[in-house]
């Protein structure tokens, strides 16, 4: 048998005529500790549509041996052993046989060996320090115990076993794991059987799981560890039974999963009812994985989470963690339908998975927690993130061509998630949510256990709504960018014009979008209409309040002078999302040079009696951007800060220093007001922050409420010196709460002292015991958003070998760190380094739209200078 490394002999695609039907996968001889090696055997039942003498399959970082294929010919069973096995750089293996295998049913058998890595992808291990006494069988290396799990999205199943690792090549899976008898094994389906092994393996058991439904390889999952769980059941029956829902953790953590468990059960019922399709699996497990870069992964029937995405401790956690758990659980459960039951045909249409799951996640949270104003949060955060990225010339369409598997991970960005969910929300608002969900039910039922395209979705929605959905939506998914709709008021009509925004953009000048106007009137009647040409008009302007009701459309609006202000005279007619959106639109127009700062400040003043937390979040962000733009004029900045303090006057009493522990939105309001007061140099607030931080530093921990740690720690470091920085660094080292270390990282990154920024970076990259790989991107984000971003850039250049060596084992961690670290640079040199390949790894990690943004800001800085 010949094993070669010759890329020229393997084409850049898998065998077109081979369709996998079922995988029988056995994992055994796992080495717990040491080299962390394992062995496996996979038997793949497949169907060949054409005769072939070779089979191309995916494999990466594993050693394969003894491939053979069995089939029937003229009533006789034959088996061919491979004559050669050829690998290429595209993670493909060409297995050649001595003669042609006829079309029809075949069985491919491959033995393999692999390594359980610490890379957070493929078959991997995660370290943790147990909260209670672990089982003796749980392996300990140094001070850490380990759990084993898998993470296969987008293309990492091939790192664990040989497979046809493309989303359209769906199959069923039968899995058996050989593990220590006292540990727990989990997978997508319930345990079918187990047996205690004999002889030298008498301490082991073989656990076999039920066969999965037809699904893509990236959804397969297994885990091994010292687990405990809490359990509840759905209220609704799904296909005649109530679904058991469990949350598994390592020992000592299940007490923090109660909130997520309750939401998980309610969300399953809500989605089954809303989508018109019952949850199809017999169980729904959720597992906490201590080292996990992705945050969460929707493996069918066994969803995995980073601890901060599902756990919540009501005595120590920021309430933001509770909101995050509710949303992330809902997002991953939405995938059980959008992505798992119906899967995009290829990575170019990833938005069908992620855009829908993002939208549905917010939909579920709004249903479960209506007082949280989650759609206002969506407009404040997710929608603005999409606008920011999509306003760059280097943005990309929602549906983009993916040349090869290595590019698949690049699709997991804010365009796919945030813009994808925004256009879904826009369409649902235009046709009406009931009609939209009726179309979704048709889509899911017609494509269950299959793959789908955007056109499949449009056809189902067109059937439900009676309109040509494809004509409306195709420009939104096939073109980058978005429009601004400009309104000019006459005596009897509102004249409208659309054009790409920002107006300086050159890439999308010819795009004409179908813009759902979302007409909001003072009277109850509402007639939806579409602006499908460059210009149009709206009649009956006397009853028209605004365009883009609930800010559901993915576009900016520009009104005549003073029209923005008139909105606020009828506050009861505006939803919280409307109010947030009015501010975001005006702010974007100001910073694009279309409106004046004075108009923005007048608009903000009209909200002086409002108490919505996300409105004040947007006011804070707008004020911060204005102050940044006038930082070189101290007198103007001083006047603006006085203005902000006056604006806050009526709501300043909401700063109680209690964190509003029992109310999520009140707590978020207090945080935003404290941060805005600090920005405006409010002496009373700053003095109270200093007093509380000093007392906290001296041991009186009760003086800093759990919901206010983030603003108080951050402001103290930002306005303090070495003492404040080191106090938080000490807190980081001794803090073992769920979210405490992430809060400390964000605070340390706000230091204005270059020496402390370098100390923070040395601390980060010196040892994995300090900042784990899954959290390094938070360091990049903290320093990249702070005053020491240039120090961060110099450190990366000077210490590139150390930085690269630490990050290279996980491409997502690598890219997230670089992206977060450099996104706010205004340094032309940084853009030049990336564009000229002087540091090719930076070029690889930094998305082109970030380079574009850096270069643009650098040119603006040079021009202003």
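The backbone N, Cα and C atoms fix where each Cβ goes, and this holds for glycine too.
Where the annotation comes from TrEMBL, it is an automatic prediction and has not been curated.
Annotation source TrEMBL lists domain 'Aminopeptidase N-like N-terminal' at 20-219.
Summarising the annotation, TrEMBL assigns domain 'Peptidase M1 membrane alanine aminopeptidase' to 259-476.
The Zn(2+) binding site annotation in TrEMBL covers 331, 335, 354. Taking the Cβ of residue 331 (Zn(2+) binding site) as centre and 10 Å as the limit, one finds 28 other Cβ atoms among all the protein chains shown.
Its own atom aside, the Cβ of residue 332 (active site, proton acceptor) has 25 Cβ atoms within 10 angstroms in the protein chains shown. Feature annotation from TrEMBL assigns active site, proton acceptor to 332.
For 417, the entry in TrEMBL reads site 'Transition state stabilizer'. Residue environment of residue 417 (site 'Transition state stabilizer') contains 23 other Cβ atoms, counted within 10 Å of its Cβ in all protein chains.
According to TrEMBL, the feature domain 'ERAP1-like C-terminal' maps to 544-830.
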For residue 354 (Zn(2+) binding site), which residues of its chain lie six or more apart in sequence with Cβ-Cβ distance below 8 Å? 339, 412, 416, 417, 420
Residues close to Zn(2+) site centre defined by 331, 335, 354, Cβ within 8 Å: 298, 332, 334, 338, 339, 353, 356, 357, 358, 360, 361
Under 8 Å between C-beta atoms and at least six apart in sequence, can you list the same-chain neighbours of residue 335 (Zn(2+) binding site), or say none if there are none? 298, 353, 357
Along the domain 'Aminopeptidase N-like N-terminal' (20-219), what average pLDDT does this model show? 96
Need the DSSP three-state call for residue 354 (Zn(2+) binding site) to compare against my parser. helix
